[in-house]
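Below you'll find the structure, written out as C-alpha cells, and then a few comments.
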Ligand SMILES: NC(=O)C1=CN([C@@H]2O[C@H](COP(=O)(O)OP(=O)(O)OC[C@H]3O[C@@H](n4cnc5c(N)ncnc54)[C@H](O)[C@@H]3O)[C@@H](O)[C@H]2O)[C@H](O)CC1
Ligand SMILES: [K+]
C-alpha cells in the first residue's frame, strides 16, 4: 500500500471529486465509514462527545455526530463558538446538524470532567491539513481531553500530528485509543515518536481515485497482506531438498550459542532445503541435540576463527558471533574473498562499524541493524525520520538493503524505497527476536526469493508469527522460540 504525503492526499481528493463524487458526498462517505466502524466496535457506548475543528476534519466530525444521533446514540458536539469560520463542507454539515434538536452544541470551554464510563471522545479537530503548531487554546484543550479516562477515537489523524513529518518537541498531541484513517497509512503513524499517539489504526476505504493512486510517485509503502500474497511462492511438487537452497548460519560463541541456534531453527521452519550451522566447537553438542535437522561445521573452539566458503550457499552471519580479534579477522577474510549477497546482523555489523570498512559488504546484501547498531554504522541522527533519510542515502551508496529494526521495521532498498512493516508487537522486543529474523531472511534468499521480496516477506512473516505467539502466550510471556514455532501457521494461512 502506498503512503502519500498530506499534499498528495489533497490532490487525490481533488482527483476523486473531479471524477464524479461531490466533495460533500465524499465527506458523507468518510463519515459513514467511521460510523459503521464505531457501531460495530462501540456497541456498548451511550454518549459521544465530538470535538470539531473548522476545516474538513471538523466537517467529518459534524457529519459523524449527525449520523451517530440518527443511529440512536446520545451526542454532544464541541466547537469554537467565538470564531466560526467553517470550510464550505463543514459549514454545510454544521447547518445540517443545527436542524437536529436533540444534539447539544457546546463551546470548547464547556468541557467538564466526564466520568461516565459509557462516554467516548471523538477528535475531529485537525486532520492532514495541520500545517503549523497548535495555538495555546488548542494545546490546553488537548491536554484536558487527554486526562479524561474514557475511550478516545481520532478521525483521520490524532490532532496535533502531521501526516508526514515529526512534531516540534513538546507539542500537544491528542492521545487516541483508535485512529480511523481514510484510505492510507500516514508516515507519522509508523515512527516511534509520533506513532505512539495513534492507538490501534483502522484504515477505512473511501474509494479515492484508483488511477491517481496507481500513478502517484512515492518512495514510501506499507507492507500489507495483498503484497505478500503476490510475493509468496508455494512449494512446487516434484522437488527435492536441493530445490530449496542451502542456508549457512554463522555465529555463536561461548555463552551465546542460543543465538545461532535460533537462527538455524528459523531458517529450517521457513523452508530452507539444506541448513548448516557454522559455529565454534563448544556449540556442537547443543546444536546437534536441539536441532538435529541442521548440519554442524565447527570453526574454532570457543569462538568463530574461520569462515569456510561453500558453493551455492546463502550466508547469514552475526547472531551471537562476538567480536574476538580472530573472529574479526575471519569475517574480513571472508568478505574479501566472497562477493555474493549475504545477510549481516548483530556482531557482524558491530565489527564492520568499528572498522568502518563498509565497502566490503557485497552488493545486494541485507543488513539488519536495530537503531543503535545503525548509529554505530552510519552515525547519529536527530530522530527516526532523519534515520530513514540517512538509511536511504546509505542503501543507495552501498547498493544494499537495510532492514532497520524497530516497532515498525522498515526495509530500505538501494533504489531508496522504504517499506514499513505493520505486523508484530512489543512482545518481540526481546533478545533473540533479531536472530530469528536473520534465519528467516537467509532461508528465503536461499530459496531464490528475489532479495527485495525476501526482505518484505521476511519482516512480515516474522511479525505475523510474533502476533500469533502473542495471542497464545501474551506479549509479556512469549519467547522468540514460540515465534519460531508459529512460522508454520503463517504459511498455512497463506496457502
Ligand atoms: N481523502 C480524505 O482523506 C478525505 C478527507 N477528509 C477530511 O479532510 C481533512 C483535511 O481537511 P482540511 O480542511 O484540508 O484540513 P484540516 O481540517 O486538518 O485543517 C483545517 C485548516 O486549519 C488550518 N490550520 C492548519 N494548522 C493550523 C493550526 N495549527 N492552527 C489553526 N489552524 C490551522 C489550515 O488552513 C487547514 O486547512 C482530512 O484529514 C479528513 O478528515 C474529507 O472529509 C473526506 C476525504
Ligand atoms: K483528528
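Note: Cβ is positioned from N, Cα and C throughout, glycine not excepted.
For the K(+) site that TrEMBL gives as 57, 159, the extra residue drawn from 13, 123, 205 is 123. Going by what TrEMBL states, the AMP site holds 405, 406, 407, 408, 409, and the candidate of 431, 432, 434 recorded there is 434. Sparsest Cβ environment among the binding-site residues 59, 434 (other Cβ atoms counted within 10 Å): 434. Residues from the binding-site residues list (56, 128, 131, 156, 405) with a C-beta closer than 6 Å to any atom of ligand 1: 56, 128, 131, 156.
Residue 370 ((6S)-NADPHX binding site) and residue 405 (AMP binding site) are 5 Å apart (CA-CA, integer value).
Across the annotated binding residues for AMP (405, 406, 407, 408, 409, 434), the two most widely spaced Cα atoms sit 13 Å apart. Separation of the C-alpha atoms of residue 56 ((6S)-NADPHX binding site) and residue 406 (AMP binding site): 33 Å, rounded to the nearest whole number.
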